[in-house]
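Copied over from Swiss-Prot, here are the features:
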- 104: active site (ACT_SITE)
- 8, 103: Mg(2+) binding site (BINDING)
- 4-185: domain 'UmuC' (DOMAIN)
- 13: site 'Substrate discrimination' (SITE)
């Protein structure tokens, strides 16, 4: 059984604006549109939603619902940069990441060994990291299948989490509204309702072949979802440019020796990830990253076409020279990957015999 997490940022664009401009906090705010030009709301905060304002709503109508609505233009470059921060956090826990947009993604953490493999605790850790490093809140859904993870992430918003364990899936889907199933929009929901089909339990009791006759391929998918079946895997379509491992330390550390004690576990996990997601790819650099307790960070890299364990330790020493007495709260190692067309040979590892562990 897989362990799927769906992360959904809370009113993302609006949340970034409230973070950067505290004067907006506690007031109805929407991103997009203008008081003088026609437009559409991209997103709005929860204060605006109390008045009925929603995403994709015409700005003029939103202002009728909430005359005091604050409208701000979108800052897409900022939203993209923060989204990259968030995805970097995801990559600490798994390489199986399927971004759906700037503010949501599926993660398959089935092979993650952190927190003894508990997807619940992993989701909590991801949300903590996002809050600590971006100042934004995220909601999470945890389930053994994708569509239920997405459903679950919406149940305890904002800044909440919902877990649907495998043994609770059959009971959970029975009462689930068909409107919650991806692909069931307003028109389809009305057609289903005209047949007396409003919940998954209704579909379970309905003749499968009749649904397929009425709705075609979607009818078959609907039957599967209504029974808690979703065989879709995580779609990682883009070619990876790097593979890395980071760990946020339980307590700040201060010495090179303490950092060296953390390195073997990171390098071992990096080796595993390279084998899973970059087999046969040529590397072109090695990188060590430190984040300090003032949340500033430094990276040191070295161009190389072979993975050298000793080089990671040399880069660590160079990074520590920039410490300036600060505590270290995060340590990471990574390699940059050459494009597939540049792949000349399998990844090679050298100098491991000088160190007493397996790479």
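Positions of Cβ are set from backbone N, Cα and C atoms, glycine also.
The Cβ of residue 104 (active site) has 6, 7, 8, 9, 153 as same-chain neighbours under 8 Å, each 6 or more residues away in sequence. On the 0 to 100 pLDDT scale, the domain 'UmuC' (4-185) averages 93 in this prediction. Across the structure, residue 13 (site 'Substrate discrimination') and residue 103 (Mg(2+) binding site) are spaced 9 Å apart at their Cα atoms.
In the structure shown, the C-beta of 13 has more C-beta neighbours within 10 angstroms than that of any other entry among the recorded positions 8, 13, 103. Secondary structure at residue 8 (Mg(2+) binding site), as computed by DSSP, is strand. Secondary structure from DSSP puts residue 103 (Mg(2+) binding site) in coil. DSSP assigns residue 13 (site 'Substrate discrimination') to a helix.
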